[in-house]
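Peer 1: This is the feature table in Swiss-Prot:
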BINDING   Gly41, Val42, Asn43, Gly44, Ser45, Gly46, Lys47, Ser48  ATP binding site
DOMAIN    8-243  domain 'ABC transporter'
Amino acid sequence: MDSFSTSIWVNDVTVRYNNGHTAIHNMTFSLNSGTICALVGVNGSGKSTLFKSIMGLVKPQQGEIKLCDLPISQALKRNLVAYVPQSEEVDWQFPVSVYDVVMMGRYGYMNFLRIPKAIDKQKVQEAMQRVNIEHLAHRQIGELSGGQKKRVFLARALAQQSPIILLDEPFTGVDVKTENAIVDLLQQLREEGHLILVSTHNLGSVPDFCDQVVMINRTVIAAGKTEDTFNQHNLEIVFGGVLRHIKLLGENLHNDEDKRSVTVLTDDEKAVVFYGETKQDPPAPTTQNCHFEDCPYKSAVKNKRD
């Protein structure tokens, strides 16, 4: 990872648009290498604006952002941050191959003629192999499924060889197999020292692979280790009435001996389940995945849904 200290440092950042709308206000947090962090918030909470600010596309009116201890302009020149979009606003009928799209990740290393060198071709090949799309290299990207396109954009980011990777809703429009493959890759990248910031509304997946969480609603509501931060109290503050909120008691569950209280917060994709110790106790701030089709409590959950 070169000699840079891989980090994201956001200090007292405020962004206002020309119409007077304040997208983010006094936002402060920091992240270091070897981390997968979930950026969690409702639509309109400032997630996209924060990503644009980190990428240098939006300039804050107040505060400062540094990447690897460098101002954004210098960090971008050094290819220190890569971005994996939720989708690309392009004409999918335009004839461009998967190989060419992944090669775009090498543009920052080329001169204005953009003639790839041997090292560029090598890194593109390695990136495609890592996300298992080498067999798609000569396909037109417009022919691919949503999940395949997502892997192409991820390969492009890998080809860029950036220590910081931003991913915007990487699990939207992908099947379970692709989601699991993406999670496995992100965990490998974390072990290699990358810093990965993932914007997501798929709450049920967060405890699976994210060791840090930044929860926002135009400002930082909570930030820290997942086990300390990703809890019922903070989720209710961040999401308010957006999520369904179901509270069950042990006697309503399949196991008659299980008298723990259960609180379910769900956006109807994957639920986050909080367990109390007894039916009298409030739910403890621990999490477990619960997909309605797989959860042992699914009957009780479905019967109690609003």
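Each position is counted from 1, following the chain as shown.
From the backbone N, Cα and C atoms, a Cβ is placed for every residue, glycine too.
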Peer 1: Could you work out which of the binding-site residues (Gly44, Gly46) has its C-beta surrounded by the smallest number of other C-beta atoms within 10 A?
Peer 2: Gly44
Peer 1: Taking the Cβ of Asn43 (ATP binding site) as reference, which residues of that chain separated by at least 6 in sequence fall under 8 Å from it?
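Peer 2: The answer is His201.
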Peer 1: Just counting, how many other CB atoms are there within 10 A of the CB of Val42 (ATP binding site)?
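Peer 2: So the Cβ neighbour count for Val42 (ATP binding site) comes to 16.
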Peer 1: When the pLDDT values for the domain 'ABC transporter' (8-243) are averaged, what is the result?
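Peer 2: A mean pLDDT of 91 is what the predicted model shows over the domain 'ABC transporter' (8-243).
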Peer 1: Just counting, how many other CB atoms are there within 10 A of the CB of Ser48 (ATP binding site)?
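Peer 2: So the number of other Cβ atoms within 10 Å of Ser48 (ATP binding site) is 17.
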Peer 1: Please classify the secondary structure at Gly44 (ATP binding site) using three-state DSSP.
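Peer 2: In three-state terms, Gly44 (ATP binding site) counts as coil.
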